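Undergrad: Pasting a structure here, questions to come.
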Amino acid sequence: MGEKKGIEEKEEAMKIKKTSLVFAVNGERFELDLSSVDPSTTLIDFLRNKTPFKSVKLGCGEGGCGACVVLLSKYDPLLDKVDDFTVSSCLTLLCSIDGCSITTSEGLGNSRSGFHAVHERIAGFHATQCGFCTPGMSVSMFSALLNADKSSSPHDPPSNNGSSNLTAAEAEKAVSGNLCRCTGYRPLVDACKSFAKDVDIEDLGFNSFCKKGENRDDALKKLPCYDHTLSSTLFPEFLKKELKMDTSLDDSRTYRWSSPGSISELQSLLQLDDNGTMSVKLVAGNTSTGYYKEEKEKKYDRFIDIRRLPELTLVRRDEKGVELGAAVTISKAIEVLRGQKESVSVLAKLAAHMEKIASRFVRNTGTLGGNIMMAQRKQFPSDLTTILVAARATVKIMSVGSNVQEQFTLEEFLQQPPLEAKSLLVSVMIPSWRPLKNGSSSTDTHLLFETYRAAPRPLGNALAFLNAAFSAEVSLNQSRDGVVVNDCLLAFGAYGTKHAHRARKVEDYLVGKVISDEVLMEAISLLRDEIVPDKGTSNPGYRSSLAVTFLFEFFGSLATNGLLNGCKENGFESLKHEAMLSSAQQIVETQEHSPVGKGIVKAGAKLQASGEAVYVDDIPSPKDCLYGAFIYSTMPLARIKSIRFKENRVPEGVLGIITYKDIPKGGQNVGNKGFFASDLLFAEEITHCAGQIIAFLVAESQKLADIAVNLVVIDYDTEGLEPPILSVEEAVEKSSLFEVPPFLKSKPVGDINKGMAEAEHKILGSKISLGSQYFFYMETQTALAVPDEDNCMLVYSSTQAPEYVHRTIAGCLGVPEHNVRVITRRVGGGFGGKVMKAMPVATACALAATKMQRPVRTYVNRKTDMITTGGRHPMKIKYSVGFKSNGKVTALDLELLLDAGLSEDISPLMPSGIQGALMKYDWGAFSFDVKICKTNTVSRTAVRAPGDVQGSYIAEAIIEKVASYLSIDVDEIRKVNLHAYESLKLFYDKKAGESTEYTLPQLWEKLEEFSGFSQRRKVVDEFNASSRWRKRGISRVPAVYGVGLRLTPGRVSVLSDGSVVVEVPGIEIGQGLWTKVKQMAAFSLGLIQCSTTSDELLEKIRVIQADTLSMVQGSVTGGSTSSEASSEAVRICCGGLVERLLPVKTALEEKTGGPVTWDSLISQAYMQSVNMSVSNTYSPDFGTQYLNYGVAASEVEVNILTGETTVLRTDIIYDCGKSLNPAVDLGQIEGAFVQGLGFFMLEEYLMNSDGLIVTDSTWTYKIPTVDTIPRQFNVEILNSGHHKNRVLSSKASGEPPLLLASSVHCAVRAAVKEAKKQTVTWSDDNQEGVVDLSFELPVPATMPVVKELCGLNVVEKYLDWKIKQRKNI
């Protein structure tokens, strides 16, 4: 054996040693000398900074969003086989891809060589909005297609109609790890499903390929064909030839990256460090740096890649069990465990649980050993260790110095001190199960094995609140009327303890017991004492209750002799994942103003999918460019004594720190100039809140800047300062308030005293509390500033308000505004966060560029962005409401405390938004008092539907309260309080418009029919009566949303070849503004009525980027009306052009005697020197406003044991007037709704006791994902006819539908109410009295919140009731 090993090591030594990395990107060869590569460089750093391929986006740097996903192809020369899999390029080290081929989205296809079918279908299914996440989505989809083709049977060849061997269920999971804030996911899933072999295109959502009622075969012909042969070209031949040469990287001490091929090589590398001063990092997948981000910043002397060690890549299966090397990836482990010929339930269930760890592109490189070592060394809340402990796994550990292997149970290993740096986890062994009961036969002895996890996302990509895995050997007792536990192992993890923990007291108690309700009660009592979260763990009561829940689920059926009654022994229930999602859309496309009114594909959609669309951070860095990162305060109110570096040593690459002292003479310390008072760019002597920007550090690269800011130490002093104000109550007490301008102050409606006097019932002093929400745009704040001649500054800013950025920069630099130019092409998601909060980012870059006289850019990392941008306004509400016995409200008096944070920002606008949405019901008389509180927290700002979403929810909470008080169905209370047109006019005045425009009652009734609401309510009642542990709720809510139009300029120019350039100040942030503007320009220019149709003109039009020196008075892209206002400005400009061209056209027709083409018309106009550029302005009447209407019904199912909510179905009817583009508006409706779903159900934007945001990553802040949206998502866009004061009768769609997501929250409340009613029946003769059904369901209604309201001890109550019932019989 030793001789053979020696021969292998000699052969390894004889391999050609190379001194460079060789790999391919999109078929292009790259060779990098090892001595020139920093081993800590990630693949995304290289791709974005050293190649032209910019489709790979940085969304989080944690492997949590999927924006940076690429396809990695690996060739095995021995098997002549290529493996293709997705990886997160922000976690993958560049050196680790030696010999691999990388394919980015533009490598699949592009505008030059032709787009891939994935790109074309994403565009055709209207599945892109801001487009920042789309390249990553494209790669994830393509990878799913590849995997389906490779895993399919040879007898199941791909079809020739452009589909693949993908199934609908696989299509849904394909993008389950990718985040998207814009689309709501439904169209993305449909685009992927269009490739599936088990999907009919007619069952998919609105798309440009297949119209409803169209012949199916004709539609399939239009679908871009999927080329199954592309996969064979992903791995270039030149790389295969080099790999066949049997080379390996030189492991000499010259280089900091080594890749040993044997344990002896590893030993020799580690022995280079004789005196123990060399820092070494053993790496495999490197995915741990996504969680432990400080790892990225550590300076290691040497990186050792252990993936080539045979012992660590071992996969062995024999009668003893399955042994997997520590460097085997989690994805590979899943494949191995599932791939056993015989059905082994334990292995299959381990594999199913592993699929919920992280996301596919992380599992593809994350290793078993890496996950276990994170748990062992750093107490990572691992799922893997918990389920492997329950499977009685063992591990082999090698001390590299001695070469001796030791074996421990995984449980023992986890409890040992952290493994030494020079010791190695070699492998994991999952043993085969053998009966323990002596003399038992397989017929009466059964192995039960189950794994559990409760997490915010069902399909994974979220840490569990608690995970568990149980194994038990059970058999029937001698009388065969009960089930005996012969042996059991109960493992729990992730609940706020150091490691996976076995509940040994419970195990000992259960062994030998016949399972009964009484035994379970005692076991639960023991469990509650044993599974106790550590102090400081969030939601400790919830986590403990989950432990009880899982134990009950595992043993509960055995208490009634489940083995005889067909319980899911051995878990033989199907582990196959079924497709979850479906949808239906009813959309009217109009021809009246064609191409306006048509659902054409969004402008630039294919470019976004391929990754060729250019965002600010994609602009190549100019020569000598520097990079910045923000230094922010961690104290709420403190004097800044000094800013220094740790160890008083300037970090590598740092050129300076810019503070308020660096502002030029004549300039101002101003970070934004917006609607009200300006705000500081940098804190001066005193920082006034945690998260306030103190300084801007400038370095030679973004990586070095981000590392350096974490080495900054700020010395604070609080002596002599007042305590900070951190709550709205303190702000009121200390009169720390902002004034609301008189014209924005709310006005009462009716006589509140009279209304209260008329009331037959009153609820007085009821309270509601609402938290914040982060924007979670996929592209964080970013800017690039380039100094120009004559003290000028060119700034590229990702902003919704270039004009305000422009003003702020000029004010800060102390230069005339004509010295500043701000350009914005597109924004990777805004949602209000790129209005005020983009200004200090661009200004800091401009200030640094002025001081350094070099270009300066920044791309703010996700954590800093989350901490410094503020988000949605938290608020506290107190109200009194009077009402009749039939539920009709007669008076509502409301007081509201709004937390504005440190500065005004847009806060004075909030009361009107809150009041506007609140008044959707006829309150009889209405009084509204708002105090805008100034606190020592980061300034809050506009977030999609600012104020309106809170106001709309407050209205629903009040209606729910009234219904509970009267014990009347809440839907009836809503209906009786809907406005008649007369009351609408009273509450909204001119904004109410004409009576024909008030479509809400029509929508209310139409939804009844559209969704089958009444019938489904009966079905819900029947379900609740028969289901003990799952309860359903259904709710229908209306939304009223007021918008206003603003002055908007535009310019349309026709070039000599007939192509058209359109310029508008509106920014394309994903809302389809460019698309609608193009349609409007084509329609308006088509009124010239030459032989070229409007639809043909569409192809000649380009909308160009916003430029503040070219288009002034640009205002803000926000408020949902920028698209229509920009379109109207363009229509006016086009009208001017048509007027100029008509005489030319008439003369040409007379001369030629026939029709005139557009090109010939323009050619003639140029010959006659006609001015072919028109600038004009849309100037709506001051206060031009109107109301938007929508209704939604949502049905949910709540698991009252875990608190998990599943949105079964949502139906929306929304009045878009005459939609300018129904495909775009549909995307806005669905995307807004899902963002609202996040606010109401998932997203917790939490602060610590100093006001510093602590949910500052994808690990802690959970936006909706594919698995949390409505299972069935139906939308109808109502074409409500002519509106004379609208832009071609259209209405807004960007923000109003977000309000409708409260229907989900209200449905959850209904389900919780049913759970509470049931729990009361389990008390002694209902001695606890009638349950209080007027409870408040907090926002967001997260799993812990819902479970707590359903009852943390609901299992014990149920068992206790059962036991007493049996005794009473």
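Backbone N, Cα and C atoms are what each Cβ position is placed from, and that goes for glycine too.
From TrEMBL, here are the annotated features:
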{"type": "ACT_SITE", "residues": "Glu1295", "note": "active site, proton acceptor"}
{"type": "BINDING", "residues": "Cys60, Cys65, Cys68, Cys90", "note": "[2Fe-2S] cluster 1 binding site"}
{"type": "BINDING", "residues": "Cys130, Cys133, Cys180, Cys182", "note": "[2Fe-2S] cluster 2 binding site"}
{"type": "BINDING", "residues": "Asp383, Leu425, Arg453", "note": "FAD binding site"}
{"type": "BINDING", "residues": "Gln800, Phe831, Arg944, Gly1119", "note": "Mo-molybdopterin binding site"}
{"type": "DOMAIN", "residues": "19-108", "note": "domain '2Fe-2S ferredoxin-type'"}
{"type": "DOMAIN", "residues": "250-435", "note": "domain 'FAD-binding PCMH-type'"}
Undergrad: May I ask which of the recorded positions Cys90, Arg453, Glu1295 is closest to Cys182 ([2Fe-2S] cluster 2 binding site) if we compare their C-alpha atoms?
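TA: Nearest candidate: Glu1295.
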Undergrad: Between Cys65, Cys130, Leu425, which of the binding-site residues has the fewest other CB atoms within 10 angstroms in the structure shown?
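TA: Each of the binding-site residues Cys65, Cys130, Leu425 was scored by Cβ atoms within 10 Å; lowest is Leu425.
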Undergrad: Kindly report the helix/strand/coil residue split of the domain '2Fe-2S ferredoxin-type' (19-108) according to DSSP, in that order.
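TA: Grouping H, G, I as helix and E, B as strand yields 19 helix, 33 strand, 38 coil.
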Undergrad: Cβ neighbours within 10 Å, counted over all protein chains: which one of the binding-site residues Asp383, Gly1119 has the most?
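TA: Ranked by Cβ atoms within 10 Å, first place goes to Asp383.
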Undergrad: Near Glu1295 (active site, proton acceptor), which residues of its own chain have a C-beta under 8 A away, given they sit six or more steps off in sequence?
TA: Arg944, Ala945, Asp948, Tyr1041, Val1043, Gly1119, Ser1120, Ala1232
Undergrad: Going by Cα-Cα distance, pick out whichever of the binding-site residues Cys65, Cys90, Gln800 is nearest to Cys180 ([2Fe-2S] cluster 2 binding site).
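TA: If we rank Cys65, Cys90, Gln800 by Cα distance to Cys180 ([2Fe-2S] cluster 2 binding site), first place goes to Cys65.
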Undergrad: Enter the number of other CB atoms within 10 angstroms of the CB of Gln800 (Mo-molybdopterin binding site).
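TA: I count 27 other Cβ atoms within 10 Å of it.
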Undergrad: Just checking the binding-site residues Cys130, Cys133, Arg453, Phe831: which sit within 10 A of Cys68 ([2Fe-2S] cluster 1 binding site), CA to CA?
TA: Cys133
Undergrad: Distance between Cys65 ([2Fe-2S] cluster 1 binding site) and Arg453 (FAD binding site) at the Cα atoms, whole Å?
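TA: Roughly 21 Å, rounded to the nearest whole number.
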Undergrad: What is the nearest of the binding-site residues Cys90, Cys130, Gln800 to Leu425 (FAD binding site), using the Cα of each?
TA: Cys90
Undergrad: Taking 10 A as the limit, how many CB atoms besides its own sit near the CB of Cys180 ([2Fe-2S] cluster 2 binding site)?
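TA: Around the Cβ of Cys180 ([2Fe-2S] cluster 2 binding site), 30 other Cβ atoms lie within 10 Å.
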Undergrad: If I take the alpha carbons of Gln800 (Mo-molybdopterin binding site) and Cys130 ([2Fe-2S] cluster 2 binding site), what is the distance between them in whole Å?
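TA: Pair distance, Cα basis, whole Å: 13 Å.
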Undergrad: Rounded to the nearest Å, what's the C-alpha distance separating Arg453 (FAD binding site) and Cys60 ([2Fe-2S] cluster 1 binding site)? Just drop the number here, would you?
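TA: Arg453 (FAD binding site) to Cys60 ([2Fe-2S] cluster 1 binding site), Cα-Cα distance: 25 Å.
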Undergrad: Tell me which residues of the chain lie with their Cβ under 8 angstroms from that of Cys133 ([2Fe-2S] cluster 2 binding site), as long as they are six or more apart in sequence?
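TA: Looking at Cβ-Cβ distances below 8 Å from Cys133 ([2Fe-2S] cluster 2 binding site), excluding near sequence neighbours, one finds Lys57, Gly59, Cys65, Gly66, Ala67, Asn178, Leu179, Cys180, Arg181, Cys182, Met778.
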Undergrad: If you measure Phe831 (Mo-molybdopterin binding site) to Cys130 ([2Fe-2S] cluster 2 binding site) at Cα, how many Å is it?
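TA: Approximately 11 Å lies between the Cα of Phe831 (Mo-molybdopterin binding site) and that of Cys130 ([2Fe-2S] cluster 2 binding site).
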Undergrad: I need the neighbours of the Mo-molybdopterin site defined by Gln800, Phe831, Arg944, Gly1119. Which other residues of that chain put their C-beta within 8 angstroms of the C-beta centroid, in sequence order?
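TA: Nearby residues not in the site list: Gly830, Gly832, Gly833, Val835, Ala942, Val943, Pro946, Ile1069, Thr1117, Gly1118, Ser1120, Gly1294, Glu1295.
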Undergrad: Which residues of the same chain, at least 6 positions away in sequence, have a Cβ lying under 8 Å from the Cβ of Cys90 ([2Fe-2S] cluster 1 binding site)?
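TA: Long-range Cβ contacts: Thr42, Leu43, Ile44, Leu58, Cys60, Gly61, Glu62, Gly63, Cys68, Gly290.
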Undergrad: Mean pLDDT for the domain '2Fe-2S ferredoxin-type' (19-108), as a whole number?
TA: 96
Undergrad: For Asp383 (FAD binding site) and Cys130 ([2Fe-2S] cluster 2 binding site), determine the Cα separation and express it in whole Å.
TA: 34
Undergrad: Count the Cβ atoms, other than its own, that fall within 10 Å of the Cβ of Cys60 ([2Fe-2S] cluster 1 binding site), considering every protein chain shown.
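TA: Total other Cβ atoms inside 10 Å, all chains included: 25.
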